[in-house]
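J.: Marked as coiled coil by TrEMBL: 145-179. Sequence annotations record features per position, and here TrEMBL assigns compositional bias 'Basic and acidic residues' to 16-25, 63-74, 95-110. If you look up TrEMBL, you'll see 29-47 marked as compositional bias 'Low complexity'. Residues or ranges marked as region 'Disordered' in TrEMBL: 1-110.
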Amino acid sequence: MPAAEPSPARSLPPEAKGEAKDNKPPRVASAGPERPGAAPAGGLLASQDSSAQGGDAEQQLSMDRECRAREFRWKQSAALGRRSHSSLETALEMSAERGEESQPPRALLKEDVPLAVPKVCRLQRPARRGLERLLQEFSRQGHTLSRVCREKAALAQEKAALEAQLAAAEQDLRGLSKQLVEAR
């Protein structure tokens, strides 16, 4: 029995073996062209297999994977939403967990916005009341501060007047002391 050769569909081309070391997805040679009019993967010319095309292909693969992952998450969130609560809330929770800022599909928005708006408004009422209380307290403190500032200014004027009276009294005292010394 002759030695078993690896099948062409399962063997990696030499450039794919180098990519495996770089943590990039390996390119697998296929038997037929991937798109009509394209050359087989093993029969690419050196000019066609440039690093720019490799980078574009890797970028396209990365974008495709990301798109499929998002679709899967939306489908998963919709399934969870039907079981527990609103699919919009679930989608927002899942995106918050992952730290993503993504837009929910329009269908979910059309279904859930009328339900979510009253809930959000209810949640905002206590915050609005608290904000009004804080604004009232701020206004009260502002009035108190202006009253204290006016009193401080009045006290400063009174202090200046008292200091002037004290200086005049001290001067009178010195004058009287001199007169007393002269009279003796």
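Along the chain as shown, the residues are counted starting at 1.
The backbone N, Cα and C atoms fix where each Cβ goes, and this holds for glycine too.
No curator has checked TrEMBL annotations; they are predicted automatically.
Computed from a predicted structure; not experimentally measured.
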J.: What is the number of residues in the compositional bias 'Basic and acidic residues' (63-74) that are helix, strand and coil, as DSSP sees it?
T.: 12 helix, 0 strand, 0 coil
J.: Across the whole of the coiled coil (145-179), what does the mean pLDDT come to? Round it, please.
T.: 96
